Amino acid sequence: MTVRPIVIHGDPVLHNPTQLVTEDVSELQELIADMYETMDVANGVGLAANQIGVSKRIFVYDCPDDEGVMHKGCFINPVLETSEIPETMPADDGSDEEGCLSVPGEGFPTGRAHWAKVTGLNEKGEEVSVEAEGFLARCFQHEVGHLDGFLYTDVLIGRWKRMAKKAIKANGWTEPGLTWMPGEDEDPFGHDA
């Protein structure tokens, strides 16, 4: 397993839809293992393949639900269903706060559906379907968004969208080729402090 650099906002691999996986899952095992390792070292709860520069429709997760129970898995060619996404401003009390390894160190309230269901293949090539509510549902929506070519900053509204644009510009995340290396660079979210 190898920790790979995480691509930062501004790179085209993050802003374009990923490609459907057509190869046999046996050919993906090294990539999937690297994704898990990178996510773990980065202290993330999810990681999409394009976040490490690979334009394939795959994501991994190791995320708690609202009761603190951890859920770990991999989806290949995931299909997402959700309940209605609220059109109101997200809560400003921290409950809707979202961050992203590709927007390092930033976090903004993001409106998401409370319920989500993801269907696809796991790393063994078996068809799986997982339903989730709350934080785990948020994780699924976030990761599938990556695979569709969107970052969470693209779905922000109101002042949060304006603040995100300012942060992206201030950090110089408007051009391709920027990365950070989990385990080597300082943790942008302060987990190693």
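The backbone N, Cα and C atoms fix where each Cβ goes, and this holds for glycine too.
The number of other CB atoms found within 10 A of the CB of H142 (Fe cation binding site), across every protein chain shown, is 25. Secondary structure at H142 (Fe cation binding site), as computed by DSSP, is helix. Feature annotation from Swiss-Prot assigns Fe cation binding site to C100, H142, H146.
Long-range C-beta contacts of E143 (active site), restricted to its own chain and to partners at least six residues apart, with a cutoff below 8 Å, comprise G46, L47, A48, F59, Y61, F75, P78. Residues annotated as active site in Swiss-Prot, with sequence analysis given as evidence: E143.
Counted within 10 Å of its Cβ, the other Cβ atoms near C100 (Fe cation binding site) come to 27, all protein chains included.
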